[in-house]
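Engineer: Dropping a structure here in C-alpha cells format, bear with me for questions.
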Amino acid sequence: MIELILATIIIPLAALITGFLIPGVERKVQARIQQRIGPPLLTPGFWAILKFFYKEKIKPNSPMPRLFHSLPIIGIFVMFFAVLFTTPEWWSLNALGTVVAVVGLLKVIEFLFMAIGSFSRSILSVSMPYADQIKGAVMKGDYRRFFEQQSVLRAFKMITVGSFPLYLAMFVPVVLVKSINFSDIVQFQGFDASFIYPGGLIDLMYLEKILSLKPILFTFPGMLAGFVFFVGYIMLLNEYPFSIEKAKSDVIEGPSLEYAAWARGGYYLMRESILFALSSVFITMFIGLPPTLNLPLLLVHCLLCLIMPILFSIVSAFSPIFTFKQIYPVSMGFTALGFLAMIVSLLAVM
Amino acid sequence: MGENARKDKAEVEVPVGLLHPAMLEPYRARFFVEDEVIVDCELTLDPYHKGIERIMEGMPVHKGLIITERICGICSHIHLWNGTRAVERGLKIKVPERADYIRVIMAELERLHSHLIYLAHATEVLGHETMCMRAFTLREDIMDLLYIISGNRVHYAVPILGGVRPRCDIDEYRLSELETRLAKLKIKIGDYANRVVNDSMIMSRIKGSGVLTKEEAIKYAAPGPTGRASGWGVDLRKKMKEYKNFDFNVIVLDDGDNKDRVVARALESIEAIKIIEQALESLPEGPISNRSFELKEMKFSTSYIEAPRGEIYDSLALDETGRIRNYQNRTPTLTALAAMEVACIGDQLTDGMLTMASCDPCLACTNRAIVVENGKERIFTEEDVKSLIRRGL
C-alpha cells in the first residue's frame, strides 16, 4: 500500500520534471536545424509557465469560463493517471494496468481538445469590432463561425481519422503478448520482479538488467508498430505536420486562443504531460521498461522519454502544416501500415 | 476553380482579420465555406491609410519625393525612382547612363530582397518554419549589398532628380564586393529554390491550390509575378529604356496556382541577379547626376515602373515654384488581392490564407483614401476621414 502511495506521488513528480524539459529540448533541436541558438533549455517548459502564473488574471471570453479554465487541469490529471496505470505499483488494481484503460484516457484527451474549443469565443474572428455589413457586403453565410469552432470540427475529424494509427500500434504488443495487461507486456520483454527495488539504489546491476531486455521494438512487427505509433503520437499532439487544429495561418492557436495567464500556463502543462505520458507509454510497451519507484530505472525511463520529442521536433522542423487533403491519405497509409504490423504479429503468434 | 464555383449562399462564414498572424498588415477576409472548402470570399482592404498624397501636397519636389520612399519599407527604392522618373519625364531632365545603371542595380537588389521576404512569408504561412528562417538568412546577404551601395538597409534614398546621390556611386571596392557576394548568393538562392521545389510535402500544399487562370488574371489586372505566373506575360521592364541594355527572361508560367507564384518569384530572383551582374560588368564611366535643370511649372506627368510586386503608377504636377500638386500613386496589391479573392475559391480554408499571401500583398502601399464619385476623383481631407469614422464608415 505504501508503495502505491509513493508511486502515486513520485512518478507524476518525475513526469512533471521531465515535462519541464521536453519543450526546451524540442525548441533547441528545431532552432539548431534552423541555424539559430534557440532558447535556454528550461525557458519554454518551466520559466515560461512560471511567468504565466504571475500574469494578470483575465476572464476568458467563454460561455462557461470556470469549466473552460478547469479543462487543462483535468487533462493533466488524466495524463498522470495514464502514466500511473503503466507503473508496476498500480498493476495490483484490477483492470487499471491495461492497454485498454490507457486508450480510454487518451480518448478523453482527444475529446478535451474539442471541449476546450467549444467553450472559447476569441475576439480574433467573429467578435472583432469590425462592421462587415456596413461596408456593403452581402451576408452570404448562414452562420458565422469562430476560429475555435473551426478547430473543434478539425479535432472531431482528427478523432475519426487521425487516431487510428496510434491505437493500432498500441495493440500490436497486445497481439504479440496475447494480453492487454502491462504486466504481461513488460514481462514478455524481460522485465520481472527483480527489477523492482523501492528505495532507489544506484547500482550498475540495473544497467545490466536494462541491457538484457528484449524490446518488442526490435522485432519486425514491433518496428512497424513503433513507426506507426510515432506518427500517431504527432497526430494526437497536434504538432507539425498534423497541427491543422491550430494552424497558425487560419485558426491561429485553435482551441486554446482564450487561455491567458495561469490558464495558459495550465494548458502548456497539459501539453507537457501529454508529451511525457505518450512517450512513457511507448517506452513501457515497446522497450519493456515501465516507470517504477526504483530511482535509477525511473531516471533511465525519463531519459528515454526524451527520444520521441527529439525525433518529432526534427520531423516538425522539416514539415509544413498538412490540410485534410494531405492528412486523409497520410492517415490511411499509416493505418494500413498499422494493420500490416497487426497481421504480421498475428502470424508470429499463430 | 475560379468564378464558376461562386455560390449565392454558403453554409458558414469564417471571418479573418483585421489582426491575424498570417496577415502582415491589417485587412479583413471573409471566407464563406462549406465544411473546409471556400465557396466565396470577400476582402476589405481599407482599415487604415497613411495619407501620403495629402502629406505631399504643396511640398517642394525634392522633399516630397523622399516621402514616396515611406510608402513601402520593402520596395522603397522603386517608389522613389518612379516618383523621380515622373518628374524627370515631365521636366525632360536627362539622366546620365551611369545613374540609370545604379538605379537598375538597386531596383534588382530590392527585387531580390522583396522576393526573399515573399518566400519567407509564404513558407511561414505554409507552416514551414525552417524554410522561412533560411529565406530570411539569405535576405540578410542582400541587405548587406543594399547597405554597401546606399549606406542604409531599408530606406536607401538613392535617386535624386537628374541621377543618383553622390554617396551611392559604385567605386572599385563596392564593385568587387558586389561581384563576389552576388556569385555566392546566386548559388545559395538556386539551392534554396531547388530545395523548395523538390520538397514533396511543400509541393503537396501549394500545387493545384489558389488557381488563377490567364483570363481571370487579365480580367482582374493581376500585376507583376502574380499575373506572369498565370501565363500573362507582361513585364514593364521590357519596355523601359533603362533596361534596354540588359538581357533577361520574363518568367511566364502556365498553371497559375500557388506553386507557380512561388516558383515565378524564385526564378525571377535568378534573373534579377543576371541583370545586376550585367550592369556591374558594363557599368559606364561618367557622371552620376545631372544638376543642370530648372524647376518650373509642370503639367501632369506620369510614370509606370515594374516593382517587385508588379506595376506601380505615379503621377504628379508641379506649380510654378516647384511644389507638388495632386500627387497620385497606385500600387499592385489592390488588383493582386482582388484577383486572389477569386483564386482562393475551391481551396481548403487553410490554403485560402496561403493564396492571399501568395500574391505578396503589401497593404502599407495600397490603402488610399481616394474615392471616385460621379466620375470625379476626390482626395479625402483629415476632416473628411474623422467625419467618416464618427459615422462608423
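Every residue gets a Cβ built from N, Cα and C, even glycine.
TrEMBL entries are annotated by machine, without manual review.
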Engineer: For the transmembrane segment entry in TrEMBL, name the matching range from A:8-26, A:274-292.
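Structural biologist: My reading of TrEMBL: the transmembrane segment range is A:274-292.
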Engineer: Using Cβ atoms and a strict cutoff of less than 8 Å, what residues sit near the transmembrane segment (A:298-318) while being 6 or more residues removed from its termini?
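Structural biologist: Result: 10-11, 14, 17-18, 21-22, 25-27, 29-30, 33-34, 206, 210, 230, 233-234, 237, 239-241, 275-276, 278-280, 282-283, 287, 289-292.
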Engineer: Output the single range from A:66-85, A:91-113, A:216-236, A:330-349 maximising the number of Cβ pairs under 8 Å to the transmembrane segment (A:274-292).
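Structural biologist: Most Cβ pairs under 8 Å with the transmembrane segment (A:274-292) come from A:216-236.
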Engineer: What same-chain residues lie close to the transmembrane segment (A:155-176): Cβ under 8 Å, and 6 or more beyond its ends?
Structural biologist: 99, 102-103, 106-107, 110-111, 113-114, 117, 185, 188, 216, 219, 221-222, 224-226, 228-229, 231-233, 235-236, 238, 242, 244-245, 255, 281, 285-286, 324, 327-328, 331-332, 334-335, 337-339, 341-342, 345-346, 348-349
